[in-house]
Amino acid sequence: MPAEDLRDKNMEETKRKKKKKRFSYYGMRAVLVLYFRYFLLWDSDLSTSIYHAFVALCYLTPILGAIIADSWLGKFKTIIYLSIVYAVGQVIMAVSTIHDITDTDRDGSPDNLTLHIALSMLGLFLIALGTGGIKPCVAAFGGDQFQEHQSRQLNTFFSVFYLCINAGSLLSTLITPVLRGARSLSTLPEPPPPHRAPETFSTQQCGIHTQQQCYPLAFGVPAALMVVSLVVFIAGSGMYVKTDPEGNIMWSVCKCIGFAIKNRFRHRSKLYPKREHWMDWADEKYDKLLIAQIKMVLKVLFLYIPLPMFWTLFDQKGSRWTLQATTMSGDFGGFILQPDQMQTVNPILILTLVPIMDRLVFPLIQKCGLNFRYRMTRLKETMLRKQILEPLIVREHPLKRMTVGMLFAAAAFVCAAVVQVEIDKTLPDFPSSSQSQLKVVNMYGGSLGVRFSSGEPLTIHSYEASLSCSSQSSVDYLTFDQQEITVSLTTDPVITNPLRLIRGSRQTLVIPAEPERMYLEEDINSKPKEGKNAVRRAFTLSNGHQSCEFSRKFGFGSSYTFLVPADVFSSECESVKEVEDMEPNSVHMALQIPQYFLMTSGEVLFSVTGLQFSYSQAPKNMKSVLQAGWLCTNAVGNIIVLIVAELGKLPKQWAEYVLFASLLVAVSIIFSIMAYFYTYIDPAEIEAQILKEQHLDTEDEKKEKKKEETLEMQDKEVKQTKI
């Protein structure tokens with residue numbers, strides 16, 4: 001097969017694997033926090049903490065993967081073995097979501113959550129080990145398929161490679177919620193005509209004995225795709241260019257730094273003269289070039305110190321922002337968007353903003369004189385010898401672009417706080433732990449006056465519930481501080497009954513056709529899970545041979561009580577009345593778009609620019625060290641979320657958003673000061689100068705020998721000519 005065709009096939013195999021791997025990873029992440037919240041029944045803070053602990057682990061394990069690939073197995077075998085670990089973790093995760101394996105009483109709820117939690121944590125650990133381990137290998141392995149003269153094709157590969165990442169993310173966040181069981185991007189059916197029975201819009205459900213949300217399918221399909229991608233990747237083994245392990249530079253860097261620290265501590269006495277840089281204490285054992293390269297890397301790593309705060313905010317779009325979307329309305333008229341599908345806005349905007357900013361925004365900023373780029377001026381040779389790591393440059397300015405990206409992310413969280421304030425205004429006022437709430441439903445044949453203890457009487461009409469005023473359509477629960485109350489009905493004779501309420505709970509007092517047989521029913525004490533509803537449902541009522549059907553459209557996050565009178569069949573179900581216990585979510589998900597736009601803009605300015613800057617400031621053989629450092633900033637950022645979620649415990653979610661935004665603004669100011677004093681360098685020029693200083697005599701000797709050999713050859717030619 002021609003080399004060109006072979007390389008193209010290698011590219012296609014690598015891109016297909018990356019797209020399926022990204023679908024698997026982001027598809028699983030899209031529903032993970034909802035699985036924690038609504039299957040394992042963890043609260044929002046714990047769900048957020050475990051989610052970010054998992055993400056942090058995913059960004060710490062690449063260091064292990066890079067060491068294994070460079071020092072032991074090589075990139076190809078590392079990808080194979082860790083992909084197997086990844087796939088096994090996905091399968092275990094899918095099994096952990098099957099509620100039937102512990103649902104012994106077949107009520108639709110798992111009876112042994114401990115087993116499900118243990119399987120989930122094992123699966124997530126293996127996934128983190130697998131996805132993190134192959135993260136530094138896949139792109140590098142794809143780059144190994146090209147030769148040095150194919151730089152244009154290599155750039156094309158990485159562009160398409162990045163496109164595949166975002167395409168996989170986009171598809172997974174659209175499709176996985178559908179697999180979970182949420183109806184998405186589907187047109188709401190219109191009310192049925194009188195001559196046709198209304199349609200029932202069913203959702204995807206799974207189960208052996210009982211049908212529940214289909215988390216096994218949502219996690220199982222990404223697992224299957226991971227297995228398929230692994231098989232495809234192995235099938236193309238014979239076409240790949242495979243390089244042998246060359247030794248891991250990170251290990252050499254760590255040993256050199258360790259020796260410098262140890263040697264400095266050993267010579268801490270004032271008797272020993274100080275050295276220009278603490279890394280210079282390693283020159284007794286290590287090459288000056290390696291020491292100089294480590295100095296360059298340490299300068300960049302020092303700038304990384306404030307960066308985790310950006311990732312602290314950025315990765316919350318998969319946790320806090322998803323939970324925020326569950327309290328909002330996703331009805332866009334022609335289609336329904338589910339809470340976990342709002343994350344699709346990010347990859348859509350990435351695919352849109354990257355070319356727009358690169359081709360339009362940044363050139364326009366340059367023309368306006370606000371240049372984000374930087375230029376270098378060469379040092380005089382004498383100056384470079386004196387200050388190897390301090391080249392003279394014009395301070396302009398990828399670091400400024402990163403600072404702007406951090407401010408964009410902070411602005412996104414301010415927007416999220418404003419949206420949260422609007423959401424809080426619409427949420428029901430649930431009882432505290434010392435209070436009880438009660439509503440009254442009148443199923444009696446006429447209007448009734450109801451008085452609680454010594455309170456004001458309420459008039460409730462037949463087949464209605466207690467309202468605070470006639471203009472309200474939803475129920476106003478009555479709040480009581482005492483647990484024991486008395487209710488009196490204005491019947492003839494007056495009926496009086498004592499009631500014992502449940503603290504911290506909502507209940508309904510049902511007054512049936514025989515008022516003296518009134519009873520209490522416990523209501524839900526939170527908004528419906530995952531913002532469910534926003535559907536038109538059809539119901540069939542039957543009693544023996546009599547039956548009738550009716551349909552209602554429910555709003556996102558709403559709760560209803562249906563009142564069915566005795567003559568319901570004679571009225572063809574038209575007499576059925578509903579009482580709105582909780583209003584639907586009235587704040588629309590579209591209000592999250594500005595915060596996603598600002599966050600994605602910040603990502604483009606911060607993340608892409610940061611990688612470009614880091615690579616330009618690092619020696620060629622130290623790129624992997626900086627890549628590991630960059631990924632560690634992401635891991636530390638997620639650990640910060642974990643700490644704040646568990647220890648912060650702020651009473652209002654909007655206050656937490658403001659806290660994170662304030663912290664990032666403060667960090668961005670610190671970073672801008674650090675960036676102002678940073679001096680840009682040219683690693684290649686510095687390395688060349690050091691090599692020149694180290695090998696000056698050797699090079700002169702080589703030139704003299706070459707000159708002597710040339711003279712000898714000329715003498716031989718002269719002698720041959722004479723002969």
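Quick reminder: no glycine exception, Cβ is built from N, Cα and C everywhere.
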Fill in: Annotated transmembrane segment segment (source TrEMBL; candidates 118-142, 393-417)
118-142
Discussion item. Let me spell it out: take the transmembrane segment (296-314), skip the flanking residues so only those 6+ beyond its ends count, and list any with a Cβ under 8 Å from a Cβ in it.
Written reply: 253, 279, 389, 399, 405-406, 409-410, 412-413, 599, 602-603, 606, 610, 613-614, 617-619, 622, 625-626, 629-630, 632-634, 636-641, 644, 660-661, 663-664, 667-668, 670-671, 674-675, 678, 681, 683, 686
Item to complete: Report, as numbers and ranges, every residue of the chain located at least six residues beyond the transmembrane segment (625-645) whose Cβ falls under 8 Å of a Cβ in that stretch; write 'none' if there are none.
Response: 45-46, 48-49, 52-53, 55-60, 62-63, 66, 135-136, 249-250, 253, 297, 300-301, 304, 307-316, 319, 610-611, 614-615, 618, 656, 659-660
Worksheet item: So, do the transmembrane segment (48-67) and the transmembrane segment (118-142) meet, by the test of 3 or more Cβ pairs under 8 Å (sequence gap 6 or more)?
Response: yes
Worksheet item: the transmembrane segment (79-98): which same-chain residues, six or more beyond its ends, come within Cβ distance under 8 Å?
Response: 21, 24, 28, 35, 39, 65, 68, 73, 116-117, 119-120, 122-131, 133-134, 137-138, 141, 206, 215-216, 218-220, 222-223, 226-227, 229-230, 233-234
Item to complete: Go through the chain and flag residues at least 6 beyond the ends of the transmembrane segment (657-678) whose CB is under 8 A from any CB in it; none is fine as an answer.
Response: 299, 302-303, 306-307, 309-310, 312-313, 316, 320, 395, 397, 399-400, 402-403, 406-407, 409-411, 413-414, 416-417, 420, 644, 648, 650
